[in-house]
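What TrEMBL annotates here:
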{"type": "ACT_SITE", "residues": "Ser769", "note": "active site"}
{"type": "ACT_SITE", "residues": "Lys812", "note": "active site"}
{"type": "BINDING", "residues": "Gly394, Pro395, Pro396, Gly397, Val398, Gly399, Lys400, Thr401", "note": "ATP binding site"}
{"type": "DOMAIN", "residues": "678-863", "note": "domain 'Lon proteolytic'"}
{"type": "REGION", "residues": "73-93", "note": "region 'Disordered'"}
Amino acid sequence: MAESVELPTRLGILPFRNKVLLPGAIIRIRCTSPSSVKLVEQELWQREEKGLIGILPVRDAAEAAAVAPVLSQGVGSDSGERSSRIQVGASESQKLDGKNQQEVIHWHTRGVAARALHLSRGVEKPSGRVTYIVVLEGLCRFSVQELSTRGTYYTARISPLEMTKAEMDQVEQDPDFVTLSRQFKATAMELISVLEQKQKTGGRTKVLLETVPVHKLADIFVASFEISFEEQLCMLDSVDLKVRLSKATELVDRHLQSIRVAEKITQKVEGQLSKSQKEFLLRQQMRAIKEELGDNDDDEDDVATLERKMQSAGMPTNIWKHAQRELRRLKKMQPQQPGYNSSRVYLELLADLPWQKASEELELDLRAAKERLDIDHYGLLKPDARGPVLCFVGPPGVGKTSLASSIAAALGRKFIRISLGGVKDEADIRGHRRTYIGSMPGRLIDGLKRVAVCNPVMLLDEIDKTGSDVRGDPASALLEVLDPEQNRTFNDHYLNVPFDLSKVVFVATANRVQPIPPPLLDRMEVIELPGYTPEEKLKIAMGHLIPRVLDQHGLSSEFLQIPEDMVKLVIQRYTREAGVRNLERNLASLARAAAVRVAEQEQAAPLNKNVHQLASPILENRLADGAEVEMEVIPMAVNNHDIADTFKFVSPLVVDEAMLEKVLGPPRFDDREAAERVASPGISVGLVWTSFGGEVQFVEATAMAGKGELHLTGQLGDVIKESAQIALTWVRARATDLNLAAAEGISLLEGRDIHVHFPAGAVPKDGPSAGVTLVTALVSLFSQKRVRADTAMTGEMTLRGLVLPVGGIKDKILAAHRYGIKRVILPERNLKDLVEVPPAVLASLEILLAKRMEDVLEQAFEGGCPWRQHSKL
């Protein structure tokens, strides 16, 4: 056992490659390289019992990363094996000059002094090479101050790292050290007990716990474990005793837990093996008994039941042959075999799929279908829509998903919805191959199994939000699904047999067309649902939303009434989105406020056993002075209308403007916003398209002292930034014609900068359709003329002033109509797109067509362009 030793100032160094010797550990090595043989002869063999050497860990060059210090000389090493890739030259000059021939050695800065417990010398035949077998014991840690060579081996100037006796006594009085010591000894004793039960040993180890200091025990225990080189280095570097004990306790506990887990797994496996062997024997005996008795009942045989189910599934001939092969394979297998359950689940899926079973379809009546869709979705039927795959594209809240459900009801088919939002795995569409653990069919086959018919209406929801990664591209997998020429033989990887999807009516939804790959988009007929006009929102609210909201809150029109005028105010002041989702939320807020008042009516004082007096804030303003309302107590049931039925004698609560502001808060929008924001020069009103529908976009420009630079803010993309540069260039080029500069050659930007901002600054914006809006804002700024507040515009502009067409015209015009805009300037080539705009909206707007930028400016300012007196345009 290692005791306190006095180290010399310099030690011979034996490098250990990717291995660490800890104090108290004993290791046997075989020295064969010339450098290590020379080291053993000089430092150990000749000095006998007084010899000490230093064991210093080194890293392979390929594994070294940020380990210092690094020496450039190569050196041989022995760590119990003869696998060193570095050879040591015989001469000193060869070593020192071998930088380019030999790899770099990465030395660790701390090592362990060791002494030889046993030495034996041998000579190899026929080479005559001398070798040594050395048994070393680690003594104490040291730190390397300087590394140098002595002949063919290394020496180091060192400084000891062990504590003195006085320091040790002081540490042993530390409460934290005492706690760590107890914890370590308890864990170590538990480990010894487990090993003693397992290996019938441990007597000597228990003696160590009682006689050896705990800080030395930490090294001795850890040295006996199989741990990584990095953990060995961490233990070697743990000079602080508390850190060393903490690390050793963690490693001992981990070793203890690994032994327990291994024992638990062994016991479990042995138990399962014995159980499976017993079950197999019993099954064989049961089968033999049934054969002897002639009592082999097929009705009780699960495989026979599965076979009859498969026969009645109506599989096509080629698939039935495949299923029979799989069934014969299943019959030959024992239930204990690994692939039995996988094969059985696969056959059950084949038996459950609706190969021929179809739901009875209603006779297609276009008039009846139109009436059904108009009941569920006001104004959304497109009578001339044809094609096997419809794709409804529009902002959230316009009824795309529920429209597909209504189509299924109109056709009399079952409906299933498959959400594709965020799907990135091709296996979600095609399924997993059965060679994988946990394999399963794709969402389409799984959905058909759930509805149990082969001709449902299948909704592919959020088809524009699929992604792709290393697991494949779901959008590409959908090409086969949505192609009527290919989906007759759709091949799911799990099924591995073709399945006919041609009878399925596919309906897809998306917020935007752009993310959908063109080949996939080509297989669908796109029907745009850009949003609703205020008039359409009013009809939807009165016919659909209000009855649904009242039913959800247990109310009825006999208690709460929301007049059309109040619904109009909600639409105008609180909602301006393309859909009706926020409108429904606001109506629900009114219903909840009314429901709270209903609940307050239960605070009535009893008059007698069966009669209660009703005291309610709702009635306070509706009863005459001194009047009382008496009622019979009615028990509450689970019906949604019980609350309303209980108090139906009360006059209905009618929503008024005061209640709107009390429940919904101050109005969010008003018709004066455009006039207030365009009150000063340099501001214009544009129309943009977003994934939430059309929006009104203000463009603000201002000038300040500077160096002629253009500043753009508002989270703008590259395209809109280029549009701003084009707009500024066009205005500067025609400054004289527009009477913005006094004479030719005078720059508008001389001595000043231009700042253009697109509120709201937190919303990303991009696209070319703000070109005409930017020019109008700049002309307004330089001329100090205000743009008309009732006019909005959209269009891309070229460098020569041509106004090019843009997309999303219907969405933009509807947004202008919702915002209260009266005049809209559009590119002349977008005239054809006005056919899609509802006539009622067109009747309320003045549509102005522009071919060139001059036409836009003529219409954007009050009275045209009065400063163009000598225009050359």
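Just so it is clear, glycine is given a Cβ too, placed from its N, Cα and C backbone atoms.
Structure coloured by features recorded in TrEMBL.
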residue : record           : Cβ neighbours (10 Å)
Gly394  : ATP binding site : 25
Pro395  : ATP binding site : 23
Pro396  : ATP binding site : 15
Gly397  : ATP binding site : 20
Val398  : ATP binding site : 26
Gly399  : ATP binding site : 23
Lys400  : ATP binding site : 26
Thr401  : ATP binding site : 16
Ser769  : active site      : 28
Lys812  : active site      : 30
For the recorded ATP site formed by Gly394, Pro395, Pro396, Gly397, Val398, Gly399, Lys400, Thr401, which further same-chain residues have Cβ atoms within 8 Å of the site's Cβ center?
-> Phe392, Thr509, Asn511, Leu529, Ala578, Gly579, Arg581
Between Pro395 (ATP binding site) and Lys812 (active site), what is the CA-CA distance rounded to a whole number of Å?
-> 12
